[in-house]
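Peer 1: What TrEMBL records for 41-72 is region 'Disordered'. Marked as transmembrane segment by TrEMBL: 98-116, 128-149, 170-191, 197-217, 224-245, 257-278, 304-323, 359-379.
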Amino acid sequence: MKTLQLKRGCCVPTQYSINQACKTTSRCRVGRSQGRLVRQTHGKSTYHGRLHERSPINATSGHSIGSEPPEAYDSTNTWKSILSSFDAFYRFSRPHTVIGTTISIFSVSLLAIKDLSDISPLFVTGLLKQAVVAALFMNVYIVGLNQLFDIEIDKVNKPYLPLASGEYSVTTGIAIVSAFAVMSFCVGWVVGSWPLFWALFISFILGTAYSINIPFLRWKRFAVVAAFCILAVRAVIVQLAFFLHMQTFVFNRPANFSRPLIFATAFMSFFSVVIALFKDIPDIDGDRIFGIQSFSVRLGQMRVFWICVYLLEMAYSVAMVIGATSSCLWSKFVTVLGHAILASVLWNRARSLDLMSKAAITSFYMFVWKLFYAEYLLIPLVR
C-alpha cells in the first residue's frame, strides 16, 4: 500500500489511498493546489476558495470546523428599521404643521387663478416644485429647532418626540435642521422668486428668534411676542408672500390685493392668535417648571381656553357677514353655510370638553388645527 505523502504540514492523499482514507474518517483530507484548497473525492476536485492553509474543512458543510454558518438575511428586521426611522422623522417634523403649511399654500395660490386656463403645468410647477417644497423644508427647520432647545421641557410635555425620548441625539437633530434650512434657501435661490425668498428668509428669522436660547432671543418666553411670531408667519407671510409668488413670478401679473386675499389675511390673523394661545394650554406643566410665561401659565387654562373659543366664534360670525355681502350667489351660500357649520361644531365640542384631562385638551388642540385646514378649503370660494 502506498503511504500518504506530507507536504508543508498537510496530508496529501495518493490516488490509491484516497478510498481507504475515506472509509475510516468522515472528513476528506485537504491539499493545496496552485494556491487553492482542494477537496479530492474519487478523483474529482472541488475548489473552496482561498483559506488559511492550516484550517481544516468540514467535508459535508464546507465551513471551517468550530465556526458557525452565516446568519440568513432577515428582510423583516430591515423593514422594521426603515419604518421606525420614518416614524421618528414623522414625529420630528410635527405633521399637523406640515399639513397646515401645505394646505394654506395651496389655498392662497388658488386665489391667483382668474380662469381655468391658469391651471397649467406652469401653475403646478410654481406651486409644487417651488413654493410647497421650499416652505416644507423651512417648516421642518423651524419645528426641529424648537425641539432642540426644548428637550427638557418636552420630556414633561411631549415625551414622544424623538429628541425628548432619546431616539434622536442632539447631533442628529442639529444635522437635520441644518440640512433642511440649507435646502430651503437653495430652492428659493434657484427659483429666483423674490416673494418666495423673502417668505423663507422672514420665516427663518422669526422661527430662529422664537426658539434659540441666546440673549435677547427665545421669544417664546414672552406670550405677546410669541403670539406675534406665529401670527406674522401664519397670517401674513403665508398669505401675502405666496400669493405674490404665484401672481407676479409665476403668472407675471401685477400685484393685486383682492377681496378674498384681504379676507384670508384678516381671518387667519384671528386664527393664528388662537393657535398661539391654545398650543400652550396642554403644555402648562412643563412651561411652568421651566419659566415659560405663556398666557396659560399667567391666566389659567380655563380662561385661555374660552378666550380662544370666543375669538374663533367672532371670526366665524364676521366671515358669515362678509359671505352674505357677496354678489356671487353660490359664493354667498357656500361661505355662509360653511362658516355656520364650523362655528356650531366648535361650540358643541367646546361645551363638552373636560378641561381637567390633558389628553382631552390635546385632542381639542388637534381639532382646532382641523378647523384651520377647513378654513383654507373655504377661502378660495370667497368672492
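In case you wondered, yes, glycine gets a Cβ from its N, Cα and C as well.
Keep in mind that this is a model prediction, so the values were computed, not measured.
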Peer 1: For the transmembrane segment (197-217), give me same-chain residues lying six or more residues beyond its boundaries with a C-beta closer than 8 angstroms to one of its C-beta atoms, as numbers and ranges.
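Peer 2: That would be 134-135, 138, 141-142, 145-146, 148-150, 181, 184-185, 188-189, 191, 226, 229, 232-233, 237-238, 241-242, 245.
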Peer 1: With the transmembrane segment (224-245) as the reference, find which of 98-116, 170-191, 359-379 contributes the most Cβ pairs under 8 Å.
Peer 2: 98-116
